[in-house]
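First up is the structure itself, then whatever we jot down about it.
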Amino acid sequence: MQNLQVFVNSTPDPLNMTLLMENNTYYNNTNITDLQLRNQFILPWWRQMIWTLLFACMIVVATGGNLIVIWIVLAHKRMRTVTNYFLVNLSIADAMVSTLNVTFNYIYMLNSHWPFGTLYCKICQFVAVLTICASVFTLMAISIDRYMAIMNPLRPHMGKRATLCIAIFIWIVGAILSLPMLLFYTTYTQNFANGEIRVICYGDFPNRDDNGLSYDEYLYNVIFMVLTYVLPIGSMTFTYARIGLELWGSQSIGENTAGQLEGIRSKRRVVKMMIVVVVIFAVCWLPFHVYFIITSYFPEITNEPYIQEVFLGIYWLAMSNSMYNPIIYCWMNSRFRRGFAHFFSWCPMVQVAAEPSLSRSEALTSRYSCTGSPQTNTRISRNGTCTSSCTPSERPCTTSSTTSTSESRFEHDDAHTDARNSYIDLHDFTVTSVVLGETNADVNRET
């Protein structure tokens, strides 16, 4: 209890207001009856209004935008693809953190007082960590899925059932990593001499030293940062770099049909969108992690009067990541853009283009027929082009390639075949008809 008293009396509010990494840095003990420590973190009313407007806009855009994304995918059958299901999982996490965590944490930060009780203190921090895990692990799953689909196009693709299992696994892992929030977060009530009370929501981790520092909490924070930032960003940097080299750096030999070229461009658009999502995530969360690294080595910084607004800015930037993804989808994906237009069709300023009807002929199919003799070198390139070459003594070889492509304006703008840029040598093998079954599967995989 003595260590707890030191913690409460000497820890500035910005460190009590974090959603996760409480720095738990301690200073010289101050008089608990003195309101100066508390009041230095109460902003003037006009600055409170500015921050309230910023946080309110962020919460509205994040919650509304992500709910619309969920509606677009679930309400349109042909939008229910593997990648889009992962985007739904990401939107659920972003909507949860904006409604169940940011709203309450901002009230806490603004008033330096937690009025929501001990139970929700635990739940609020649990939801924060859970949604962070769900977001970053979902982004990792998307990058790995794209990597496997583009780098190994002939392998079986992930089905929707497997996607659901992965999403459930992501939430289970996130819940395990979030469990310390339920176990160790609690509230403490300060009583001031003038009768006022102040309730703080903080992490009471075990094994504190005489200064109130908990090695267990420090170790947890380091492990959490590695698992939810360092490793995921490194993994996604590697996968998207390899994908970029495959889609932009590889040169295919042979002729590509217009549909195949559009398929490569389609995959480039999808990868571009996901790279932007990952970069925005990294930029938004980097200052948050750096803040706690700096304050762990220079704890005196958290006693500065300006630290309140510095932390508010860092916290807003990290939490605002939840509102950027719907904006990115609408900006970079034509189908999501039309989905948003349909949702806001009641608005006079929004015009929705008529959608062409779908028919069986709109299914994307590709069939390659190659004939040749045992002396014929026949190759099927990874971009789908079939080429043949014969020795001079043999009769001419014939190669035919037909592609029937008709796109639905709403569902198929960005859905085409895999970009295949390496060759499979079919020497001494007579091919009469090669039907690439994964082509149709790719239609349902693209975002």
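Note that Cβ sites are derived from N, Cα and C of the backbone, with glycine treated the same way.
Note that the coordinates shown come from a computational prediction; the quantities given were computed from them, not determined experimentally.
For reference, TrEMBL has these:
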{"type": "TRANSMEM", "residues": "49-74", "note": "transmembrane segment"}
{"type": "DOMAIN", "residues": "65-329", "note": "domain 'G-protein coupled receptors family 1 profile'"}
{"type": "TRANSMEM", "residues": "86-108", "note": "transmembrane segment"}
{"type": "TRANSMEM", "residues": "114-142", "note": "transmembrane segment"}
{"type": "TRANSMEM", "residues": "163-185", "note": "transmembrane segment"}
{"type": "TRANSMEM", "residues": "218-241", "note": "transmembrane segment"}
{"type": "TRANSMEM", "residues": "273-294", "note": "transmembrane segment"}
{"type": "TRANSMEM", "residues": "314-332", "note": "transmembrane segment"}
{"type": "COMPBIAS", "residues": "373-384", "note": "compositional bias 'Polar residues'"}
{"type": "REGION", "residues": "373-414", "note": "region 'Disordered'"}
{"type": "COMPBIAS", "residues": "385-407", "note": "compositional bias 'Low complexity'"}
Contact call for the transmembrane segment (114-142) against the transmembrane segment (218-241), three or more Cβ pairs under 8 Å: yes
Stretch contact, the transmembrane segment (314-332) with the transmembrane segment (163-185), Cβ-Cβ under 8 Å, 3+ pairs: no
Best-contacting stretch, by C-beta pairs under 8 Å, relative to the transmembrane segment (49-74) and drawn from 86-108, 163-185, 218-241: 86-108
PLDDT averaged over every residue in the domain 'G-protein coupled receptors family 1 profile' (65-329): 88
Spatial neighbours of the transmembrane segment (86-108) far in sequence, C-beta under 8 Å, 6+ residues away: 17, 19, 51-52, 55, 58-59, 62-63, 66-67, 69-70, 73-74, 114-116, 120, 123-125, 127-128, 130-132, 134-135, 138-139, 141-142, 145, 163, 167, 170, 201, 315, 319, 321-323, 325-326, 329, 447
For the transmembrane segment (218-241), distant same-chain residues with Cβ under 8 A (at least six beyond the ends): 20-21, 129, 132-133, 136-137, 139-140, 143-144, 146-147, 177, 180, 205, 271, 274-275, 278, 282, 285-286, 289, 292, 296
